[in-house]
Each structure stands twice: as structure tokens, then as C-alpha cells.
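Colleague: Sharing a structure below in C-alpha cells format, with a few things to ask.
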Amino acid sequence: LGDAYGLSTEFEKRKTVASNYPDRSKIIPFPDYKLTGHSSRWERGDWTDDTDQWILIFETLIGGNGDERIFAKRLKRRIEYGFPELNDSAGMGLGANIEQVI
């Protein structure tokens, strides 16, 4: 939930966030936050690659004995297909460093 909520301001400058949400006594509405150029790439309520990678690390530690090759295979599959079991059809938000490794 934290990652999905954080998407509302991810990569935004402090001034932009203050302009979009001027009343600091109120929380940013979720999932009805103001879309930005970055957050508009996701469906409302979705999470980013940070959560995707956390899920993959967790799965690899539990079912893959921490083997980095298993993690890499799972990451590649996630990029192509997302997490169908979570109604997620594609990987989003992949950073440039991870993309180069894959």
C-alpha cells in the first residue's frame, strides 16, 4: 500500500506537491490523487517496480534459496507478464539500471 500511495508524488518536486496538495493538514486522497506525467502511466491503486522487486526477492528467498539466477529469471518473466495472479499484466516503472542488467 505504501508504494501505491507514494506513486502519487514520486519524482515530483516539493513545490509541485505543495501546489497540488496545499492543505498539509489533509492526507493525499488515495486512489483519487492528482495524476502526474509519471503516475498517469499506472492504473489508479497500482504499485511500482519497487513492490514488484520486493515480491520477487521474497519469493526467491522462500522458494529459490536466494539464488540470484532464479531471481533474474523471475524478474525477466515479471517484465514481460507482470503478476497475472495479482491481476497485473505487465511490469511498469523498471529503472534504467535494471533494464541494462536484463
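Cβ coordinates are placed from backbone N, Cα and C, and glycine is handled just like the others.
Taken from TrEMBL, the feature Mg(2+) binding site covers T48, D49, D50.
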Colleague: Among the binding-site residues listed here, D49, D50, which has the most company in the form of other Cβ atoms within 10 Å of its Cβ?
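Modeller: For the binding-site residues D49, D50, the Cβ with the most other Cβ atoms within 10 Å is D49.
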Colleague: Reduce the DSSP letter at D49 (Mg(2+) binding site) to three states and note it down.
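Modeller: Reduced to three states, the DSSP call for D49 (Mg(2+) binding site) is helix.
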Colleague: State the count of C-beta atoms found within 10 angstroms of the C-beta of T48 (Mg(2+) binding site), not counting that atom itself.
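Modeller: A count of 21.
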